[in-house]
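What TrEMBL records for this protein:
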- 28-54: repeat 'ANK' (REPEAT)
- 89-111: repeat 'ANK' (REPEAT)
- 123-145: repeat 'ANK' (REPEAT)
- 226-249: repeat 'ANK' (REPEAT)
- 260-292: repeat 'ANK' (REPEAT)
- 296-329: repeat 'ANK' (REPEAT)
- 387-497: domain 'PGG' (DOMAIN)
- 392-418: transmembrane segment (TRANSMEM)
- 439-460: transmembrane segment (TRANSMEM)
- 480-499: transmembrane segment (TRANSMEM)
- 506-529: transmembrane segment (TRANSMEM)
- 541-559: transmembrane segment (TRANSMEM)
Amino acid sequence: MATSSGNEEISQLIAYHFPSLISKKNGAGDTALHIAARSGMLYTIQILVCCGKDFPGTGIASDLSSFTSENDFAESTGDDGPLRTKNVHGNTALHEAVLNRHHDVAQFLISADPQVWNYQNKDGWSPLYMAVKIGDLLIFRLLLQSPTRNTDSLNSLEGSPPAHATIIEGKIDMLEEMAKVNPELLQLKDGKGRNVLHWAAHRGNLNAVGFLSRKFRWSMFEMDDKGFFPIHIASKKGHVNVITELLKHWPYPTELLSREGQNILHVAAKSGKNNVVKYILETPALEKLLNARDINGNTPLHLAAMHSHPAVVISLTWEKKKNINLLNNENLTAYDATPTVSGQGPRMQYVLTNCALWSAGAKQSLDLKIHKQKGKGSNYQKAPATQWLKEWVGMLLMVETLVATVTFTAAFTVPGGYNGSENPDKGMATMLNGHMFRLFVVCSNMAFYSSIISIFSMFWTVTSDYHLVATAYKLSLRLFLLALGMMSIAFMAAVHVAVSRLSWLAYYILIMGIISLVILLTMFVAYVFPLHLRPYVMRYISYYISLAIVHLLGPYTRLPLYKVEKSEDANKNKHKEPELLRKD
């Protein structure tokens, strides 16, 4: 109470007359030393430390100068002494001093018990780690120059090394000073076996990567617990600049293979990092990576296909030096290796991946063809799930009916109305000779009949034949998109007729209509264009359409797979085929 209230004189008297109270804790696990350190009460801390010799239970010596070696004091205090006592958060008094930036208190506590500098709280933070997190350079230097330097104290920092904190916080100056004063700290690893260069590569900190690669080159050749080198981490995260920097210090990426035998192109393809893939494809010195196989015989294209990364597959299949029909250890090509998905409708990432492989000339493996011809898998193809398709059919039918109703109504409410009975052309549209009015009539007519035909094509969706349902759905959807486009043009023409005497407004309506029409036309072409065609010109067009779709979908094409079916028998698994796209 005396310490928490800031009354130093009373605190000193109580500590002198009742030294056993020094080690007592409050409800938060704080001793008087914790509270004094948190408040920066240096003189009180000195009294608390010096009071207590010959009083059992305090674990504190009264005369610090009586100890001849740096470990004498620590040994006399014991692990349960107040200097090493932790509160409910796992903080020692030194933690509290560092956290509250009390430099003089921290300096005294370090000199009183140098061993405490490596004690970790419940978050795994040592005082040195905490100094990096709060960015206090003065306390950082005090802790860094702590006289205690032995293997045990350094090993105790494994799991949450202070060097890793400098990367997380972007404190390159602290990292450089740590390397100069105590380079052993940079050898420590976190709980996943990652060294400080792994973390720098993960964060994309180019300055830290360059510094560590020059001063601690050995760190480039250490694996983490998953078997990855730092350059693999950079590839996985898509940091091209980091990869370039690492290759300056070791330009032999074919020798840096993960535990699974994967190079940086394997990792980038598996992770869907198309920027890294493009960088490797554009670098002649790295062309040996293109057709390399891992321990399972998978090429980068196999991995990109397995994980359905269409952008990566497109980039790899357009590389002329890439052999797209290589077999892995299960005698599967990249085309065979695409995942088997059930329970959901086909996602665009699967469709784009398969189309890119097929249009590039990817083939089914001979082993899989023979297996199909022999008819060894009676359950080779399952009936596709149609529930999702039926839901879309119902929604499409409702919207098509709405479009038909709107266009039907527009025929009787034309812009400008009709001539009255006193006019020789009674019953005729007043704006009949206008070009925009004629455009309105033509487009409204096309929109109405397209939607009507689309509605009637839906009658075929009531059958139990999945492929007939799918065909009817695709036809209906194409007609619906055509009706939407025509209705948009009809709307533009009708409004233009109504405001034609105000030039700027008429031009505005025209420009907005054209922009909308271009967008609709682009989306329509992207939907109906056959992306799987192999002729060069058609493939060239589909290349840009596919890239546009990938760019439009964004993170959607990098989401995890819904569900990949895996056979219990590894030998049977290679004969399975993706349900989302038939490979005939």
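Even glycines carry a Cβ here, placed using N, Cα and C.
Remark: secondary structure over the repeat 'ANK' (226-249) totals 18 helix, 0 strand, 6 coil, with classes taken from DSSP. Against the repeat 'ANK' (260-292), stretch 226-249 has more CB pairs under 8 A than any other of 28-54, 89-111, 123-145, 226-249. Long-range contacts of the repeat 'ANK' (89-111) within its own chain (CB-CB distance under 8 A, at least 6 residues past either end) are made by residues 29, 31, 33-34, 36-42, 45-46, 49, 64, 82-83, 117, 119-123, 125, 127, 130-131, 134, 136, 138-139, 142-143, 146. Secondary structure of the repeat 'ANK' (296-329) per DSSP, as helix, strand and coil residue counts: 15 helix, 0 strand, 19 coil. Here the repeat 'ANK' (123-145) has, by DSSP, the following mix of helix, strand and coil residues: 16 helix, 0 strand, 7 coil.
In this model, the domain 'PGG' (387-497) carries an average pLDDT of 80. Nonlocal intrachain contacts for the transmembrane segment (439-460), taken as residues 6+ away from its ends with a CB within less than 8 angstroms of a stretch CB, comprise 393, 396-397, 400-401, 403-404, 407-408, 410-411, 414-415, 468-469, 471-472, 475-477, 479-480, 482-484, 486-487, 489-490, 493-494, 497. Here the repeat 'ANK' (260-292) is broken down by DSSP into helix, strand and coil counts: 22 helix, 0 strand, 11 coil.
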